[in-house]
Amino acid sequence: MAEVLVYVDHVDGAVRKPTLELLTLARRVGEPVAVALGNGAGDTAAALAEHGAVKVLTHEAAEYADYLVVPKVDALQAAVAAVSPAAVLVPSSAEGKEIAARLALRLGSGVITDAVDLEAGDEGPVATQSVFAAAFTTKSRVSKGTPVITVKPNSAAVEAAPAAGAVEALSVTFSAAATGTKVTSRTPRESTGRPELTEAAIVVSGGRGVNGAENFAIIEALADSLGAAVGASRAAVDAGWYPHTNQVGQTGKSVSPQLYIASGISGAIQHRAGMQTSKTIVAINKDAEAPIFDLVDYGVVGDLFDVVPQLTEEVKTRKG
Amino acid sequence: MSLRIVVTVKYVPDATGDRHFADDLTVDRDDVDGLLSELDEYAVEQALQISENSDDDVEVTVLTVGPEDAKDALRKALSMGADKAIHVEDDDLHGTDAIGTSLVLAKAVEKAGYDLVVSGMASTDGTMGVVPALLAERLGVPQVTLLSEVSVADGVVKGRRDGDTATEQLEASLPAVVSVTDQSGEARYPSFKGIMAAKKKPVQSWDLSDLDIDEDEVGLDNAYTVVESAAERPARTAGTIVKDEGEGGRQLAEFLAGQKFI
Ligand SMILES: Cc1cc2nc3c(=O)[nH]c(=O)nc-3n(C[C@H](O)[C@H](O)[C@H](O)COP(=O)(O)OP(=O)(O)OC[C@H]3O[C@@H](n4cnc5c(N)ncnc54)[C@H](O)[C@@H]3O)c2cc1C
Ligand SMILES: Cc1cc2nc3c(=O)[nH]c(=O)nc-3n(C[C@H](O)[C@H](O)[C@H](O)COP(=O)(O)OP(=O)(O)OC[C@H]3O[C@@H](n4cnc5c(N)ncnc54)[C@H](O)[C@@H]3O)c2cc1C
């Protein structure tokens, strides 16, 4: 069976969930060979093997942290040369998309970004994309070269599928371009203890209706009662009430959780672009005409300052 | 010293309009108004600010690859304050994908001459967020992308990139390709004076032969990707909507419990 390269997104050896999802999709197309780079690359092997990686190619070098994007492209290119895969799959982060695009160009291949599903087809993998703010679903494939496809978080279930996961050192020679953009400092984001926004099963978001940074405590309390991540609309972020890293939408994160709860959010097209594929959508808004209500499975027309705390209390009571 | 900045701007269908696909599965541009991609306004703004903050002699050129109407996007950028514009237009470009678009942009940027390319973080239609990285790869210059802050001094571009897990400070020597996010600072509105001045600013038109690009390198038939189908997402079945009369939170909890979320 053909091999499929899966680029591993990890933090110091801890594999992030979207990569484990990719291994599930990769198995539909071939045998997953994972590529883990940078500090802690070798430590990823156990998790990757448990989820189906037949092989884990690793390479550690300071360049991956000290320079932007290109060293990782060099390494993936070396992996493609070593393996001749049927496809290369990369998680759809901002960086993942840039890596994928540059790799495709070097390989003389096409690139598809933000796939939400992947199947084997007669002429190679077929990717499903959700486009125009999720108003259309397209199916596409790469028609030249080795398909390079980036896949959005939550596009597949994480499945255990134990495989050998044999670790092999990848040999990488960095290109002249690798050291072009220096990372002069890096400030890691402080963990809030809440689930990662793009990976969370439940997301609770607040918008302009929350009306102040201090009031976001109401949204956080609901999120915590449900074990959810906190999101925000751009209006709330622009007002300085919540960090930009929590913004949901076209220029923020796109999320696709089991449950999305929007409070005080009108549902502008750019916000919808980032949450419309959520499985169940709930909204609380005092304006019955707000466009968000066109999307909901359940909506409450009311003041969020009444509804949200009552909901939080009820969730706590029911969970005991 | 002089600094030549080229800003890449895309002409896109209005996101608030009824966007859909044509029979050949490319974007139907006839039924919906086009405009300068809003995220490229941020790129124009940063280019103008770099120009205003520089002691050098700075020239800001805006560049688009797109159909006849794409001139509107150039006019908007010129009225914001860019100095001149380049429009790459050719019937053979219809249906070009990201790899092909980056080829055309790279050739045009090289022909125009540049020290710095400034792009948006993503278009509002394709939303791939890959063209700036592709341009850097093609041009063989550093990519300094997704910046929420950018500055240029002494032949060095510096910026701040807010990533998923960390905030990074980046640095590269010119020439380079930069892309900026919508966190980089509100774009200015064109003034009346700006709009009038834009009418007199030069707009050059180039076609594929001006750029030494073969027609079989671009266009729908030569794309590296094929769209096999496009289907409108089925309308959601109407949800339950209740008015809060004191029990809204509890009613919602009941719904969530029924769906096994609690
Ligand atoms: C290029 C571009 C990119 C963008 N990207 C994004 C993006 O990534 N994410 C994003 O969110 N937006 C984005 N936007 C902005 C988007 O167009 C909207 O402006 C934004 O989503 C509005 O946020 P909002 O719904 O919180 O605010 P509003 O539209 O002001 O809505 C506030 C809502 O709260 C309700 N409300 C007020 N008080 C209460 C109360 N006490 N109880 C209950 N309800 C209440 C109101 O009825 C109203 O419906 C983008 C825009 C552009 C042009
Ligand atoms: C819904 C949809 C899905 C698509 N999916 C794919 C896909 O999976 N693979 C693929 O290869 N192509 C795809 N395309 C085609 C792709 O959008 C175009 O090739 C496009 O010109 C480049 O990609 P982008 O607009 O997404 O650019 P992005 O990378 O999102 O744009 C970033 C920046 O690049 C610059 N830029 C981009 N295009 C131009 C231009 N024509 N003129 C000037 N500056 C420009 C702008 O500064 C812009 O802000 C898709 C198009 C649509 C409408």
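Glycine is treated like the rest: Cβ placed from N, Cα and C.
Per TrEMBL, the features are:
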| type | residues | note |
| --- | --- | --- |
| DOMAIN | A:4-183 | domain 'Electron transfer flavoprotein alpha/beta-subunit N-terminal' |
| BINDING | A:ARG208, A:233-234, A:247-251, A:264-271, A:ASN285 | FAD binding site |
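Positions of TrEMBL features highlighted on the structure.
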residue  : record           : Cβ neighbours (10 Å)
A:ARG208 : FAD binding site : 16
A:GLN247 : FAD binding site : 25
A:GLN250 : FAD binding site : 22
A:ILE265 : FAD binding site : 31
A:ALA268 : FAD binding site : 20
A:HIS271 : FAD binding site : 27
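Those binding-site residues from A:GLN247, A:GLN250, A:ILE265, A:HIS271 lying by chain B, with Cβ under 8 Å from one of its Cβ atoms, are A:GLN250.
Per-residue confidence over the domain 'Electron transfer flavoprotein alpha/beta-subunit N-terminal' (A:4-183) averages out at a pLDDT of 97.
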